[in-house]
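Asks: Below you will find the structure I want to go over with you.
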Amino acid sequence: MSLLIEQARYHLSAHNARQLPDDGGYEVAFAGRSNAGKSSALNALTRQNALARVSKTPGRTQQLVFFQIQPERYLVDLPGYGYAKVPQDLQAHWQAFIDRYFRTREALRGLVVVMDIRHPLKDYDLQMLGYAAERGLPAHGLLTKADKLGRGQQMQTLQKVKKEVTSRFGDSVTVQTYSGESRQGVDELRAIVGAWLGLDVETTAAE
């Protein structure tokens with residue numbers, strides 16, 4: 001499964017619904033606030049240094065970016081949210097596009113919400129988790145930059161976030177700590193994403 005995920009390659013960028021790939025197969029979306037570490041997480045997941053561009057200017061992802069692993073198997077990088085200097089009407093366009101994507105995309109099988117472990121569960125994070133809950137989709141909270149905290153603080157934050165998401169969304173949301181720098185939690189994330197993409201079944205059959 002890990003080797004399959006490492007085959008991910010840039011496929012296309014969609015600025016509107018007409019530019020999306022055909023709605024079939026399997027997609028796992030990644031969402032995160034600016035500077036949460038979403039691009040770094042995607043790069044670590046796929047063992048590629050520049051699959052998802054790590055921007056020095058937060059909030060500059062202005063489209064849905066599709067990375068193809070196999071035909072009809074995609075990782076989807078959702079527009080970042082933060083303090084990018086863009087017009088309000090463009091912000092509104094992104095919001096409407098994302099809303100439509102979540103409500104209508106049949107290929108979407110799961111959502112990873114990337115959060116800085118030092119600043120988890122902001123309004124945007126809860127909104128994204130809410131989208132998944134409304135669709136009945138599984139979601140996974142990825143607490144990034146775990147290496148910035150000691151082990152005790154990591155576990156304390158992890159338990160606090162787990163308790164909060166369970167109270168809001170039930171058992172449809174799982175949570176883990178993660179560090180692209182130390183590769184902490186990479187295998188756990190791969191297992192979850194691979195299962196959502198149906199890669200675990202194919203790998204087992206091949207073995």
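Numbering starts at 1 and runs along the chain as displayed.
Placement of Cβ uses the backbone N, Cα and C atoms for every residue, glycine included.
What Swiss-Prot records for this protein is below:
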type: BINDING; residues: 32-39, 59-63, 77-80, 144-147, 178-180; note: GTP binding site
type: BINDING; residues: SER39, THR61; note: Mg(2+) binding site
type: DOMAIN; residues: 24-199; note: domain 'EngB-type G'
Asks: Could you state the whole-number distance in Å separating the C-alpha atoms of GLN63 (GTP binding site) and SER39 (Mg(2+) binding site)?
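Replies: Roughly 14 Å, rounded to the nearest whole number.
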Asks: Count the other Cβ atoms sitting within 10 Å of the Cβ of GLN63 (GTP binding site), across every protein chain shown.
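Replies: Total other Cβ atoms inside 10 Å, all chains included: 16.
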Asks: Inside 10 Å of the Cβ of ASN35 (GTP binding site), count up the other Cβ atoms and send me the figure.
Replies: 19
Asks: For the binding-site residues listed here (GLY32, PRO79), tell me which residue's CB has the most neighbouring CB atoms inside 10 Å.
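Replies: Buried the deepest by this measure is GLY32.
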Asks: I need the CA-to-CA distance for LYS145 (GTP binding site) versus SER39 (Mg(2+) binding site), whole Å please.
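Replies: Given the Cα positions, LYS145 (GTP binding site) is 12 Å from SER39 (Mg(2+) binding site).
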Asks: I'd like to know the mean pLDDT over the domain 'EngB-type G' (24-199).
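Replies: Mean pLDDT for the domain 'EngB-type G' (24-199): 90.
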Asks: Using DSSP reduced to three states, classify GLY32 (GTP binding site) as helix, strand or coil.
Replies: strand
Asks: Between TYR178 (GTP binding site) and SER39 (Mg(2+) binding site), how far is it from one CA atom to the other, in Å?
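Replies: Roughly 13 Å, rounded to the nearest whole number.
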Asks: Express the distance between the Cα positions of SER39 (Mg(2+) binding site) and GLY32 (GTP binding site) as a whole number of Å.
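Replies: Each residue's Cα considered, SER39 (Mg(2+) binding site) and GLY32 (GTP binding site) end up 9 Å apart.
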Asks: Can you give me the same-chain residues 6 or more apart in sequence from LYS38 (GTP binding site) with a CB-CB distance under 8 Å?
Replies: PHE30, ALA31, GLY32, ALA52, ASP77, GLY80, VAL114
Asks: Have a look around SER39 (Mg(2+) binding site) and count the other CB atoms within 10 A of its CB, chains all included.
Replies: 23
